[in-house]
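To start, the structure under review is shown below, and the notes come after it.
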Amino acid sequence: MEGVDHLAHERSKAQFDVDELKIVWAGSRHEFEVSDRIARLVASDPVFRKDNRTMLARKDLFKNTLRKAAHAWKRIIELRLTEEEAKKLRFFVDEPAYTDLHWGMFVPAIQGQGTDEQQAKWLPLAYKMQIIGCYAQTELGHGSNVQGLETTATFDPQADEFIINSPTLTSSKWWPGGLGKISTHAVVYARLITDGQDHGVHGFIVQLRSLEDHLPLPGITVGDIGMKFGSGAYNSMDNGVLRFDHVRIPRDQMLMRVSQVTREGKYMQSNVPRQLVYGTMVFVRKAIVLDASCALSRAVCIATRYSAVRRQFGSQKDGVETQVIDYKTQQHRLFPLLASAYAFRFVGEWLSWLYTDVTQRLQAKDFSTLPEAHACTAGLKSLTTSATADGIEECRKLCGGHGYLSSSGLPELFAVYVPACTYEGDNVVLLLQVARFLMKTVSQLVSGKKPVGTTSYLGRVEHLMQSQPNLRIGFAELSADLIEAAVAHCQLIVVSKFIEKLQQDIPGKGVKEQMQSLCYIYALSLIHKHLGDFVATGCITPKQASLANEQLRSLYTKVRPNAVALVDAFNYTDHYLSSVLGRYDGNVYQNLYDEAWKDPLNESVVPDGYQEYVRPLLKQQLRNARL
């Protein structure tokens, strides 16, 4: 029945103040109020509808995305939204678009690597969207190995210009979002060459298309790389291919905050520390971790609500079957994902603090925490994106057969999210970087250097100092084991930041108790998952392992009556969830049925092609058949 809250009974069980937890999840009352207002603004605007995304052909999908992006900018201007509000609006529009890279990569690159003069010239144009930019780093032949990029930028001292060139097929820029059809400019990463000397990879601002007719400028070949995984998904983004044929740009379009090329062609370092470029990296990766919490919480919200609506088996005398969420097998798969969503949110908040701290230290030329910050952001990006991609797929399976429908929202969510495991650093490569950091930290124990911050626990492991010579076995030989150590290190960071969150003053009746339960579930589920390692290394005894599993089951029982309210605290509108299974009112079956009839195949009773291909089969003379 429409207008009836089919989950009202579940919500009445809540043992805490849901509104207060909404504020905890948002980060502050102000953040909650802004998010809530903007989310409802987007949901009420018909231009931002997205229920038909998966049914649109690629060209129609892309054009519709351009329409939404233009309408979003119009609303931002009309309503005079702040930068924070505008960012929220783009988030809730929830459609991959060229604007993601413009605001998320192009602008921060100029802010972080451009001189004051360059920022004064380019940023006002970018802020007003009078130019549209992308971030052209990845190439057809090189992704994670940035130092292996092949695009060249050769300085011509006579003309005071750089010549940007793609010397090989594999040097073609490949994957940058917004590049394929829309971006007018790009921050292009290329090997800087002066007087025959290669100075490594540097960034350059390059105009790609005319601002009059949008045609590619001379020497530039650019286009879209083609369809990607999923029906709608990331196909609304024009990921592009780009080649340069000796394209000339002025010398002052090299981003020169850290290093410069003089008029005479001399390469020199500026007085700005080169380490400042790490600030942009920390900024981008902390945003990715927060995005992971959003994507996982979205999937968990859908799976939790549907698990409370769905009933199967176990009917009693009254004929009412058991809610799927009441089965321990469902809880064992679902509740650790619910806990993970909250855990990733809180570690993302900590990374936001870390970004501010690192930025202040870099400006003061204090680089002492930089290696740890790099390891934290690399590892947590890898951990959270991998766990979220796997978690979304698990939520799809938790919804049974209906989870496979596009209208469930889960296939689309998975297809949009899964690229996060490879962009901004392949997850395995990032974990190897964390492993190197841990190896270096352990090797320094011998000299008496005390580890600090997230590695302080290593100072308590004295036997590592005695086994130090074994570190010379070789990094490559042990890389698979070291990756597991890197993952464990990152999981410890997540647990510790969850505990730190609990030590803060958390308002609201029963909210802190629910957070404690979720924290324990997250930690104990990791112990359960890696039980063999914990017991084999003597970290816990078999008896303790058994007690941990008992405690985990007890925590599931404690969380169960609060499950729906815990996902309500995410405060997602039905528009943002875009899921028939995850509807706030729980009216799943009627809407599943109604949604089916909206499919284009059902526009006619007799399908196109029946007369040509099916009727002849049905009317054929069967007497000649051997069947």
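Keep in mind that glycine also has a Cβ here, set from the backbone N, Cα and C atoms.
Listed in TrEMBL:
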- 17-132: domain 'Acyl-coenzyme A oxidase N-terminal' (DOMAIN)
- 134-235: domain 'Acyl-CoA oxidase/dehydrogenase middle' (DOMAIN)
- THR138, GLY177: FAD binding site (BINDING)
- 278-439: domain 'Acyl-CoA oxidase C-alpha1' (DOMAIN)
- GLU424: active site, proton acceptor (ACT_SITE)
- 461-619: domain 'Acyl-CoA oxidase C-terminal' (DOMAIN)
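Feature map: annotations from TrEMBL on the structure.
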| residue | record | contacts (Cβ under 8 Å, 6+ apart) |
| --- | --- | --- |
| THR138 | FAD binding site | LYS173, TRP174, TRP175, PRO176 |
| GLY177 | FAD binding site | PRO96, TYR98, ASP100, LEU101, CYS134, MET237, ASP238, ASN239, GLY240 |
| GLU424 | active site, proton acceptor | VAL284, ARG285, ILE288, LYS381 |
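Across the domain 'Acyl-coenzyme A oxidase N-terminal' (17-132), the DSSP tally of helix, strand and coil residues reads 90 helix, 0 strand, 26 coil.
Secondary structure counts, DSSP: the domain 'Acyl-CoA oxidase/dehydrogenase middle' (134-235) has 9 helix, 44 strand, 49 coil.
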